[in-house]
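Annotation comment: TrEMBL describes His306, Asp363 as active site.
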Amino acid sequence: MSHTCRIELDGQSHDFPVVEGTENELAIDISALRDRTGYITLDDGYGNTGSCKSSITYIDGDQGILRYRGIPIEQLAESSSFVETAWLVIWGRLPTPEEHDRFSTRLTRNQMIHESLRNHFEGFPPNAHPMAILSAMINAMSCYEPGMMEIEDETTLEQAAARLISKVRTIAAASYKMSVGQPLMYPRADYKYAQNFLHMMFSIPYKDYEPTPEVARALNLFLILHADHEQNCSTSTVRMVASSGANMYASCAAGVCALWGPLHGGANVAVIEMLEFIRQSGMNVAEYVSRVKAKDSKLRLMGFGHRVYKNFDPRAKILKEASDKMLAGMKVNDPLLDIARELEEVALRDPYFVERKLYPNVDFYSGIILRAMGIPLNMFTVMFAMGRVPGWIANWKEIHDDPKSRIYRPRQMYMGNTIQDYVPRDLR
Ligand code: CMC
């Protein structure tokens, strides 16, 4: 079906094409708007703006649908591994057994970081935030991998992607070890991705940490569920940086910075901080919820609501089930979990949240899962970043591979002073 959109401006009408996506989403292509009319569009927060065409991830926020390359997230959560999902997200289809083995081998071969790069850790103070370390180290990695700066073929791309995905895990665990003053653990070649991370986090030289299968499975699931989420703040940042021609490492380091904020990747931290605040204040859950709802309140129920999912977040549904299973197996006794359960119940019944379609999102349950695994609070967003790297690489690749790609350069509505004369310093 071909549509056009007619816009009336200053007594003249202008037709713009309507573009249809493969899932029948419709968009007005206004790329010629300014040239033809002199007008721009204004969409603070980009809630109505498609910044690109992409074939990676499909989300239907009203129906709670999330698919990577067409495959429903529920099926990937049930049957796939993080490594396989990463390949799918980046290359657009499930890998053949040979491709899977080759990629896994590349991940294993590249899990060590250059010894000189290891020395960079010494430069950070012990209380440095691991997100600052992660972003700095991803950028620094590029200095040790000059061959990966210009990617001209698929083999180099696969090598660069494997290095980044593998080393991010090593850097993440090392930044934790530094912060607690323990020796950095080398990765093991016989461990799978999630298990290796847990080993580097929690093993000590004289004692190996053995995660239970439920814990390794829950971490694998956490990483799969975070692998991509179309044009969120960090991914759009990666695309923005990539559009200037910047390399994969620089673009992903920028993604880490964007993810750090509490309204994005930092929300799982904010969930635990909120639960801790409720516990310490001695206030009951209903009281806290009424504070959130109070007129002019700046408080938000962290881990609730989503810009896109207005029905339910399919990742939250999967992670809730996994967290219930994992916690039942671990027999955890944590007062924050009791508060979390009560909060979930109260909010799901409260008309304020129901009317605004504010449901628990993925960060609500991921905060709970990560805490139960023993991951320290300041590492939560790093875990999110580890999961999201494949999505960032896939989006970087989409820009890199597109011969028509242009530098991202939005316009603005200037609302500042009109022309002013410069006033010499002694006359001010
Ligand atoms: N608690 C209380 N009220 C809320 C919340 C919340 N968590 N979220 C939205 N509202 C209210 C908001 O005050 C507004 O009410 P009113 O219409 O009376 O002014 C209404 O709901 C619409 O809110 P909005 O700010 O227009 O919604 P948004 O789409 O701009 O924000 C959000 C989405 C995720 C930033 C927001 O829901 C929020 O701040 N949630 C808490 C932080 C959080 O959990 N973030 C993680 C998001 S999921 C991870 C990811 O995919 O990146």
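Just so you know, glycine gets a Cβ as well, placed from its N, Cα and C.
Where the annotation comes from TrEMBL, it is an automatic prediction and has not been curated.
Long-range Cβ contacts of His306 (active site) within its own chain (separation 6+, distance under 8 Å): Gly61, Asp313, Tyr359, Asn361. For Asp363 (active site), the Cβ neighbour count at a 10 Å cut-off comes to 30, with all displayed protein chains included. Under DSSP, Asp363 (active site) is assigned to a helix (H, G or I) in the three-state scheme.
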